[in-house]
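Before anything else, here's the structure in question.
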C-alpha cells in the first residue's frame, strides 16, 4: 500500500464521517508537501496497526454484508435496552434502515439491498407503510435520482429529539462495536436535538421524529414570515357585536331567569315540595354557570384582531344579510357541557360509488359525487314530500334530462347534474347555496346553478385529477387541489386560475380557506400542511408532524388555529402564528375524512372511516401547553363519540345556529 492509497483512504474516511475541515486540512497539507518536494512518505508497511486499520476500512467500504450485520446488531441492542430509553432509541432505527437500503442500491448491490429490505421491513410497517411501499420501487441507482421521494430522502437530514443520556448510550455502543457503517449513516443523515433531563414520554412520539424527506431548515425560515390570522374588519359577526344585539338578548335572558328564581323563592313551600324547589334552584344556578362559561368561550372569537381583505369580496344582498344576522342572534352556544344536536344524512344503495358528500350551510341541500361521473343534489324540503322508497339512493341512471322524472317513470328524489367525464371527487356549495362546484378525475372543475339546475362554467387548468375544491367563505372565489402537486385560486367570472401555489412534493389532497379569505391551507400526501398567501401566492407556513397523508382540514372561527386529519386517524391542532402543533388529538382508528369547528370555536367535530363522529373540547386543548403536560392523557380531549351503524363519515358541517350536519354512505359489512 503506497502513500497515494493511504491518502485516498484517509480522505474517504474523513468525508464519510463528515469531517470536512479535517479533509480540507489534509488536502492542503498534501499540496504543501508537493510544492516543497517533501519525500518523507508514511511507512505503511512497517506500521502493522495502521495497516490493519486501513485494510479493515477498505473491506468495510466494499462489503455489503457489513450493512446487514451492523444493522442487525444495532437493532438487537436497541430492543434489549432499558424501557426508559428504548422508545427514544427505537426512533433511530427507521432512518438508519432506509439509508442502509438506499446506500446498498447506490453501490449497485441490488440483490443484497432487496434481501436487507425484506428482512427488516416488518419492524417499520405499522408507522411507515406508505413510505416503504414507495421505496419498494427502487430497483437501480438511477431510481434514487428519478424518484422524487427517494431523492428528497437522500438530500436531507432527519431531526430526532433525544435526551442526553440516550444520546450518550448510542454513541458509546457505536464506538465500542466499531460500527463504522451505522456511525457514518447516523452522522451524515440524522440531526439529533439533544435535551437535558429525562427521556420524553411515549405519548410524545408523534412529535419526536420530524418528517423524513422534509427540509426542516427551509421550513423554519418560511415560518418566520408574518401571518395576519384575524377576522375581516366588516364581517357580519363584527357588525352584530357592535350593535350590541347579542349582549342585549343575553342580558334579557339573564333577567328573565333571575325573575323566575325570585318568584320561586316567594312561593310558599311545603314538605316534599321544598326539597324539589331547592333542587330546581341549584339546577338553575348550574345552567346559568354553564351558559356563562359558554359565552366566555364564545367571546374568544370577538377578541381576535381585525384585518382587511386582500381580495375584492362580493357585496351581500340585504335580505340575505338579514337572514344571516337572524341566525347569528339565535345561535346556540356550545361548550363541553352543552354539546350540539346532530343531523346525519345516510346514502343507501350507492354500491360503493359515492366518492364525496357536501352539505349546504343551512343543511337544506345535500350533494353527492359519484364514480359514474355524476353529481346528485337532494333538496331536503322536497325529499320529505317523496315516498319513503325513493330515499337517498345512488342509482346509476344516465338520463340527461334536468327534470325530476326517473327512468322508471316515477319522480326522482334528487337533481342529476351530468357533464364530467370521470369520477367526481369533491363538491362544495357556495355560502348562499345558489351554486355548487364539482371537481373530477377529468382534470376539470364545473360550476353549477342549483336554481337553474344547469352547468354554467367548466374551468380547465389542472393537468391531472382534481381531488378537492372549496368555495371562499364569502363566495365568488374558490380554491382547488390536484394530483399535479399544485393548488389554484379561481374566481367564478374567469376561466383561468388567478394564482398557482406550487411547493408540495406529492399530491395536494385537500384545501381550505382561512376565515379572513387572505390565506388558503393545503394538505398533501407528502405529510405536510402548507399555508399560502392568496395575494402573493407565497407559502408562509409549513406544518410538519403528521406521519401519513393529510385528508382533511378545518379553520377555527377566530382564524388563529387550524386542525388537520390524516390517514392514520391522527388530528393535529396548529397555531398559525407560530407554526407549531398545539396538541395532537388521538382517538380515531382509521382515516379522518372531515373536520369542522363549531361557530364559536369551542368544539371540533371529526368524521372518520371508522364510522364515528367525535366531538373534541378545543378550548381546553388549546389552553394546555406542551411544556406543562406530564402524561399523554392530557392530550386526549374527546368529549363524546357518536358511532354510526356502519356508515363511514364523509362530510361534516356546522350551521350558523350550531346544528351539526353529517353525511356518509352506508357500507354493507356482510
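Positions of Cβ are set from backbone N, Cα and C atoms, glycine also.
According to TrEMBL, the record shows the following:
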- 62-190: domain 'TFIID subunit TAF5 NTD2' (DOMAIN)
- 243-270: compositional bias 'Basic and acidic residues' (COMPBIAS)
- 243-280: region 'Disordered' (REGION)
- 347-380: repeat 'WD' (REPEAT)
- 417-449: repeat 'WD' (REPEAT)
- 459-500: repeat 'WD' (REPEAT)
- 501-542: repeat 'WD' (REPEAT)
- 543-584: repeat 'WD' (REPEAT)
- 585-626: repeat 'WD' (REPEAT)
Short question: which residues 6 or more past the ends of the repeat 'WD' (417-449) have a Cβ under 8 Å from it?
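Residues packing against the repeat 'WD' (417-449) from afar: 320, 355-362, 364-365, 367-377, 398, 400, 455-460, 462-471, 473-475, 478, 480, 482, 490, 492.
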Taking DSSP states H, G and I as helix and E and B as strand, how many residues of the repeat 'WD' (459-500) are helix, strand and coil?
0 helix, 22 strand, 20 coil
Mind checking how the repeat 'WD' (543-584) divides into helix, strand and coil residues in DSSP?
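Summed by class, the stretch gives 0 helix, 24 strand, 18 coil.
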Within the repeat 'WD' (501-542), how many residues are helix, strand or coil going by DSSP?
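Helix (H, G, I), strand (E, B), coil: 0 helix, 24 strand, 18 coil.
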Below 8 angstroms Cβ to Cβ, which residues of this chain, lying six or more residues outside the repeat 'WD' (347-380), approach it?
391-396, 398, 413-418, 420-429, 431-433, 436, 438, 440, 442, 446, 448, 450, 650-651, 653, 655-656, 659, 661-667
Sequence-remote contacts (6 or more beyond its ends) of the repeat 'WD' (501-542), Cβ cut-off under 8 Å?
130, 148-149, 152, 211, 213-214, 218-219, 222-223, 225-232, 307, 309-311, 313, 467-474, 477, 479-483, 485-489, 548-559, 562, 564, 566, 574, 576, 579
